[in-house]
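Asker: Relevant sequence annotations retrieved from TrEMBL are reproduced here:
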type	residues	note
SIGNAL	1-18	signal peptide
REPEAT	25-125	repeat 'MBT'
REPEAT	133-236	repeat 'MBT'
REPEAT	246-352	repeat 'MBT'
REPEAT	360-455	repeat 'MBT'
DOMAIN	677-743	domain 'SAM'
């Protein structure tokens, strides 16, 4: 391909429209390829609780006697594991020797009282029969005040289900009013996704008014809760005008009568947190994540105290025409913070709407309004296990039915700032509490069959047809590449494994075909990790490349390496030869040439110990901290005296044949080295790093004794692993290292 044609193509590509395109998303691959970190599953307590068994330790039930037909005895649940229960017959006390496991789905387990109702014999096991003279009195004492396993969890369609799975479509719950904490109304479950419930108020059939809540939300209670606790049963305050009083009442009566025939098991609510008493008073000021737009924090006031558990908060807005934004809170409500929390944590605080002064200061504001700040004791403390740059899945606050891939951009106190990925219209970072039930661990959506809005891939669409025809000149496709099994496999590759590979791969896109073959070779190696390191050295600044991630597994360990693979057909042959040369195998082991019988390199007669074709080449040492192997490198020259300048920088210029880190060409600070970096001492490496924008990392190079040879072998994975750097600083550092590599190959490699 001619350079002027390529430049012409680029000029048209510059006028392209870029759009974002969905791609298949896999969390495991994404985390592995980017080095990103998933938030720990244990950080999501509500999810951990949702996975627990409906049975709890200490529950009593009746179970068949082992070794005694048609007799039963009472047992206690010791622990649970999914649908398996570890049981101990009552009467064994603390003796664990007779504990046994039962599967709820297959074992004969029954609720207490089942034997009496079905004329079955209840008698203790033979091993303990003589321990007590009056077993009837023993059982009365044992069962008094104890919890018995619910009958519907041992028998019928709900048998063996986890707590969250007990909530089926059509179930009726009661929901606390959003504006009046003493008011409840019934709601019907429209769907249950891993405990996330889509609820519709009874009497309303319009999906526009559906709401999403996690089943552990403190607003949810079992049917009949309000009546038992002398609370009001009224239609939702903000929706009551949509129906007449008689329509609301008729709908409630009908739904209640139907729900009582198959009531929701009370075990659903066993893990609901008890509310703590609060110490807020009306008039107190505090800061809170905006209830309507959770992208900023604003000043708010306690405007009403209902009781020892609930109080009302109103967003400060002194303008006369403003409609008050109110929300019911309790002591553990997410998003509430003390006055000056934003100032102490370096977070911006929204100025109240209509506030006359341009600069907001709490001291002046409290004095101006004649109010007091809520004391710090009013607010809960939480121990955080989440950190910046961790990834998770989160609810879109403006579209509660949607869950997105999210990254934590910052953590302050108990608040997280989340960047939601893949949205058609990007949102500012949303703010959530660390104990929010709207955040989930990586993989939660996939495990529960829930769609996940993930990252989008940017692609460019040409505005003119000529751009398409010119780009075809790049010739990204190649014909078949052959794997010649009879050729010499070299010291790194196992000939037996090579023989099992297909004879050819392709045709197809150059980078795809080459990546497939390279992956096969890596997995045919004695030590895949070593081959990965060798392949990293296969580069040429004049190649048109794209970076691909190659992976390997060896002795239970996973290895990953980034390699630049050529993209155009005219460079495939040379690329294959360079790979073979690097692996010290026959130049025809794989590539566009097919070897039917006798290899023109006459390699078939060679052995691994005698094959010395590539002994003359110079390479760096195998890896940081390893000893060089015989034949791997020539003896390094004696180190010269240190010069003041070991490198100089050229002015910025556009280069279409220079090294590139992305698929588009961009300006680079090209280095011109006065001395071969293979000969750099540790101090010279430190000097170079200090001269770049990674100067803060120079100390690490000094501490780890990284000289020039080691520097040239560093890659993104090794930098992250050996230097314990986050992805951002690691990429920045690797950019500087790649500049040295480019200069090395262009000035000294030949």
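Using N, Cα and C of the backbone, Cβ positions are placed for all residues, glycine too.
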Asker: How does the repeat 'MBT' (246-352) divide up by DSSP, counting helix, then strand, then coil residues?
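Answerer: Summed by class, the stretch gives 22 helix, 26 strand, 59 coil.
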Asker: Run through the repeat 'MBT' (133-236) and tell me, per DSSP, how many residues are helix, strand and coil.
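Answerer: So the repeat 'MBT' (133-236) is made up of 24 helix, 33 strand, 47 coil.
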Asker: Which numbers of helix, strand and coil residues does DSSP report for the domain 'SAM' (677-743)?
Answerer: 52 helix, 0 strand, 15 coil
Asker: With helix taken as DSSP H, G or I, strand as E or B and everything else coil, how many residues of the repeat 'MBT' (25-125) land in each class?
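Answerer: Taking the repeat 'MBT' (25-125) as a whole: 21 helix, 33 strand, 47 coil.
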Asker: Under DSSP, the repeat 'MBT' (360-455) has how many residues in helix, strand and coil?
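Answerer: The composition, in the requested order, is 15 helix, 35 strand, 46 coil.
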